[in-house]
Amino acid sequence: MAYSSDALLFISVLTFFLLLVSSSGVAEARWYGPGGKCSSVEALVSEQLYNSLFLHKDDAACPAKGFYTYSSFIHAARTFPKFAGTGDLTTRKREIAAFFAQISHETTGGWATAPDGPFAWGLCYKEEISPASKSYHGRGPIQLSWNFNYGPAGQALGFDGLRNPDVVANCSETAFRTALWFWMTPRQPKPSCHEVMVGEYRPTAADAAANRMPGFGLVTNIVNGGLECNRTDDARVNNRIGFYRRYCQIFNVDTGPNLDCAHQQP
């Protein structure tokens, strides 16, 4: 049977866009990229939503102005299809909220009386202002630091992290990919942040004794527990939680248990 050009165009579009209904009955739009791989992130985070979450990232006051683009985030996320693609709709939204909260804290330019509040200023910086180490200081959304992170990240993602760490601050897609690599990759004895947020983490007896139980607080422990956990009322932990609560409210999901790591051993 012969098809008109309009019909062929319609069929092509349908092969890339499917409307799925989740088990909860919520309709979800999903885009399929090359090879038919679905990007769950694109289904849940539109460009308009992304820009509203990081409301001031392109302000003149932010040194990373113009760096953290939506397209760079989406392209990086396609490298990790399990990110925001594991579990039910609530679990996927909560993982995105947790990831955005952590990278927002790491790159925040907000302050207590900032316009639109302190939690509207994520993705304002792309590297540490006064790094102690020229080579392996914090860069990118997760502020990737230390040679033992730059080396494996580069090996996994196809760049020389030890000889050319500056690429993380010079290429926005690479920056997001390093953040997602850190998020998705378990580093024994640490689980991955992804495993914690999607319910795949199972505490060992030692973890239970150290109160390292599942929840956003354990993600903070993975990211910077040596400096922020096992202490009460740490302002950095509270800032992470503030971002997380904001994003969970916008995604219309609850935060889940164990928000802080005040009583967790690093």
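Cβ from N, Cα, C; glycine included.
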Cysteine of C229, C248 paired with C261 via disulfide, per TrEMBL: C229
C124: disulphide-bonded cysteine as recorded in TrEMBL, out of C62, C193: C62
Residue numbers, six or more beyond the limits of the domain 'Glycoside hydrolase family 19 catalytic' (62-84), whose CB comes under 8 Å of its CB atoms: 33, 37-42, 44-45, 47, 50-51, 54, 56, 92-93, 95-96, 99, 107, 109, 121, 123-126, 129, 141, 157, 172-177, 179-181, 183-184, 194
E106 (active site, proton donor) and C124 (disulfide bond), Cα-Cα, nearest whole angstrom: 9
Per-residue Cβ crowding (10 Å cut-off), top of disulfide-bonded residues C124, C229: C229
Separation of alpha carbons, E106 (active site, proton donor) and C261 (disulfide bond) (Å): 17
Close in space, distant in sequence - C62 (disulfide bond), Cβ under 8 Å, 6 or more apart: H56, G109, W121, L123, C124, Y125
